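Participant: Pulled these features from TrEMBL for this protein:
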DOMAIN    1-90  domain 'CARD'
REPEAT    609-650  repeat 'WD'
REPEAT    651-692  repeat 'WD'
REPEAT    693-730  repeat 'WD'
REPEAT    738-779  repeat 'WD'
REPEAT    835-864  repeat 'WD'
REPEAT    956-997  repeat 'WD'
REPEAT    997-1037  repeat 'WD'
REPEAT    1038-1079  repeat 'WD'
Amino acid sequence: MDLKARNCLLQNREALEKDIKTSYIMDHMISDETLTLLEEEKIKAWTTQRERAAALLKIILSKDNYAYISFYNALLHEGYIHLADLLHDDIPIIFPYNGKNSMDRATSYVKTVLCEGGVPQLPMFFVTRSEQAKRIQQKLLKLKSDPGWVIVFGMAGCGKTVLAAEALRDYSLLQDCFPGGVHWVSVGKQDKAGLLMKLQNLCVRLDQDLMYSQRPPLNIEEAKDRLRLLLLRKYPRSLLVLDDIWDSWVLKAFDCNGQVLITSRDRSVADSVPGNKYEVSLESGLSHEKALEILSLYVNMEMSELPEEADSIVRECKGSPLVVSLIGALLRDFPDRWEYYLKQLQNKQFKRIRKSSSYDYEALDEAMSISVEVLREDFRDYYRDLSVLQKDVKVPSKVFCVLWDIETEEAEDKLQQFVNKSLLFCDRNGKSFYYYLHDLQLDFLTEKNRSQLQVLHKNVVQQYKKHYKQYIPSQEDCMYWYNFLAYHMASAGMHNELCALMFSLDWIKAKTELIGPAHLIHEYVEYSQILDQKDSIACENFQEFLSLNGHLLGRQPFPDIVQLGLCQPENSEVYRQAKLRARQELDKGGFYVEWVNKKSMKNLYRLVVRPHKDAVYHACFSQDRKRIASCGADKTLQVFKTESGEKLLEVKAHDDEVLCCTFSSDGEFVATCSVDKKVKVWSSRTGRLLCVFEEHTEQVNCCQFNNMNYHQLQLATCSNDTCIKLWDLKKRCCRNTLFGHAGSVTHCRFSPDDKYVASCSADGTLKLWYVQSANEMKTVHIGDDFRKGDEYHDMEVLVKCCSWSSNSAIVMVAAKNKLFIWNIESSSKIADCRHMSGIHSVTFSSDGSLFLTSSNDQTIRVWETNKVCKSSAVVLKHNIDVLFLANEVMILAVDSSKHLQLINGYTGQTIYWNEGQELLICCCCLYEDMQMAAFGEENGTVKVLNLSSRKVVKSKSGHKTAVRHCQFTSNGKTVISSSDESTIQVWNWQSDECLLLEGHMESVKNFHLLKHSKLLSWSFDGTVKLWNTVTGELEKDLICHEGTIHSCAVSPDATMFSTGSADKTAKVWNVLKGELLHLCSSVSVDEGESAHGGWVTDLCFSPDSKILVSSGGYIKWWNVDTGEPLQTFYTNGTNLQSLYVSSDFKVFVTVDNLGILYVLRIME
């Protein structure tokens, strides 16, 4: 044991003997193999605790450094922090090697761990810098017990990577501190797409057996979560090495609360991440002696035998390990050229590239030029081809096989020649080799071959096309091409080929299915100028398709991109390609549906992003509209670019859900408020916390800066304590408190001129206040208008949020999933629109042309104000009935204004429209002669309507609650209806005879008429019942699900029936035996989602009983024999209630929760 460590134990012996309990300490030391079982028995033989502690210390003092370290770690693990602190400063460092080539002494264990982890091999001619390696190892030992960061920093070219790799070549360090292994990632300068690619590659490498996922992560957040899971469960106590980190935001993506070693030029790069940090500053380069030692190894001479030119060459290399290695490689091949190479360096006869390089090494360009010039001419051409590579990208050997049109072995042999001459670096991952240039080398090549770069990139593309014939490579070697083919085409000036690639639905499908939509969207932004010049309309078509469907393309199972394309406008290039591909697939047995009436659908928003992992509670623009801030249930504040969605800032803002965020008028600050009752103000650029306000007594729902005065910032906040507070940011105090709401205040906002504040409340009102006097100006009762003709008539209306237009004339208000736009002067509603689910925030842009909404559906949507104001506020409700005629589809629907509409489903034309009813219409049905209709009202009344005369001919008040479903029998004389009760009413409206079907224990969900006066009903009680509608007799009673049955259907041959339930499954049953035949639910879906996107609400068999269609969050068609899905149609909204199917199973009609009507037809 080191003398220093031994003295430390002796000095603190009394304190250690007094406090420690030996039993658990010895367990740890036995596990570390620093204490034997025999020694444990000897210690236990002593009587008292102190005697046992003294015996343990005596044994430790007789052992080596490993015993000291094991004892120290055991103290930490067992909570003796104060005792461990006594030993901390004298922890011995263990170095099993002292020679100049540590790799020669590395054990098989070390070789295996480093090879599997992708740690770079040490250079062929390597000189150890043991003192600097020891400093790194000493810091790494501090990560043994707790997570943290070791930051190795220094200037470019000082050998950070080699030193980090050298420090890891230690058996005891790996086994004691990182038994889970080492995982090396070369990061470099990255954008979002490049970072995602790095994370994807790392996750694939760590999960080669696909234990945790069948696909690469599709976005950075998913990759971070996957990495955290792998390091925690599959590789506990492992070391993650991040080589060459440039930006702090990149480092955040790897923040997995583990042990991390990073190399960087920037000492402060880790300031943005939490945890313990240990810094190691490296010298700028090799010492003169070390540089001479490297030269002596290259030329195989003793240092004392080196010629006198060696000293001068080392001085010209300015201590750069890279440059010394390049010159050494030259001298190894031409050992008599010492004087020649020195003159070349001194006279600087090679082209300087310092003007385009970010590296300050005057001798680099000379050394690089000399190294390349001595290559054989054909090898110089091969090396020139590397000019097209991107920085920090490791390229598999297969790519060079394609580029040079040679076999893998031949390509690797050529590349090894460059590696041997220090002109290229190689990493091995399993059986695969990956090659990359140092940034210095790539800078040199790029500048040297600048005039030829376009030709070189063109050659890459041509060789690619020659090898793969088409633009779609096979999956096993496609990652590089999917990431960089567009880059090579753009750099080659091959604009036609680039447009053909980017405007190809096949390419979009192949790329998004493998790596997600993020990188592709990035390329549309990157190359927009080229794409617009070629075909601006097609570019707009594809960008819109990706922007509005990216959230679908990122889900699992991967959606059919052809089916998504068929939903685009018919004049879209995306639709044209999808239609062509669909017809080709139909010949092979494919299954596709057309949205017949999609022309009536107007897209009101231009962008949909999904930055958070949970509900998004608020989103807002900066004043210049270049940035968006958002916050939500995941407790974070995020800032990202408006155009591309690129994340600029992410802050763990509060201890609970963050409910609101807002930019200051100058864009320098962002305020947040939370369920934790706190209001915080942050720097919008750095994420630094500036101040905290804590005067509200309940959760703070909203915060909003004033708009005009940059020098006198005010902040308005509101809370569940019913108060609105105005804060003075300069004095950091509350300036005024506004009282008047009777319930929780959900939102507040300054008018653009800062004269007024608008507030919304759970009491159903919008209030306007004078800022100067804090007096109330006006109250608008939003709840009253919301209830008119809406399905929420019997529920409390909570007014969620509001936003002013730029001229202070309009206020937009959100309640539930609806938006209302109001004129302040007239107090009149201008328009309204809807989200898929509850809206949490709405915000105008500064010029009022756009507005943002955030929602429970995890999306942030950017809407175009003019389109929304021009759109109709009247939308269809779920309750419709459909007649399928020879060449028409007629739809009877109830709209939000209590009208009945008869619509031609193919043309969208409204044929009939009656006067609004006094009471809310809850359901409707249409008789097949199109002369009679029936509808049910909220008071339980069923009415029969003559469509020609527009008069009610009969009514029946037989239900006690709102009528939910009604249907004519085949002869048109009887109307069957159900309500929220457990009974079904059979009413002959001509004779006024009425029969009640009683038997369900809970509310009847729906019913279906069969032949021969039979009726099938299903209920919240989980049963399906078969009735005789003439006698009222219950003929069959089946328990099918534990939860509510939302839908039921019988096959045309009456041998099977299917049920859909709240358990998010569809089941197919044998009618005679009551046995379960199939469970229609896919297992390969995103976590938290079902195969139907929600409850299964309706089902229908095809006439041949081979296909089953189901509705829920979207519509799916299933193969009944196999239970496998055939196709999925994603609606704009969700929560589909009923699906109407033509008798030939070719046309399908439904309405989503946004009031959008879908008439779908199977393609033939």
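Placement of Cβ uses the backbone N, Cα and C atoms for every residue, glycine included.
Predicted automatically and left uncurated, TrEMBL annotations should be read as such.
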Participant: With DSSP as the yardstick, break the repeat 'WD' (997-1037) down into helix, strand and coil residue counts.
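Facilitator: So the counts come to 0 helix, 24 strand, 17 coil.
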Participant: Which residues, given as numbers and ranges, are at least 6 beyond the ends of the repeat 'WD' (956-997) yet have a Cβ under 8 Å from it?
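Facilitator: Answer is 881, 920, 922-929, 932, 934-944, 1003-1004, 1006-1007, 1009, 1015, 1017, 1019, 1027, 1029, 1032, 1034.
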Participant: What are the DSSP helix/strand/coil residue counts across the repeat 'WD' (1038-1079)?
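Facilitator: Helix, strand and coil residues of the repeat 'WD' (1038-1079) number 0 helix, 23 strand, 19 coil.
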Participant: With DSSP as the reference, give the number of residues of the repeat 'WD' (693-730) in helix, strand and coil.
Facilitator: 0 helix, 18 strand, 20 coil
Participant: Counting each residue once, how many in the domain 'CARD' (1-90) are helix, strand and coil under DSSP?
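Facilitator: Once the DSSP states are binned, the domain 'CARD' (1-90) shows 68 helix, 0 strand, 22 coil.
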Participant: For the repeat 'WD' (609-650), give the DSSP counts of helix residues, strand residues and coil residues.
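Facilitator: Computed counts for the repeat 'WD' (609-650) are 0 helix, 23 strand, 19 coil.
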Participant: Restricting to the domain 'CARD' (1-90), report the mean pLDDT as a whole number.
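Facilitator: On average, pLDDT over the domain 'CARD' (1-90) sits at 81.
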Participant: Do you know the DSSP helix, strand and coil residue counts for the repeat 'WD' (651-692)?
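Facilitator: Per-class counts: 0 helix, 23 strand, 19 coil.
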Participant: If you run through the repeat 'WD' (738-779) with DSSP, how many residues end up as helix, strand and coil?
Facilitator: 0 helix, 23 strand, 19 coil
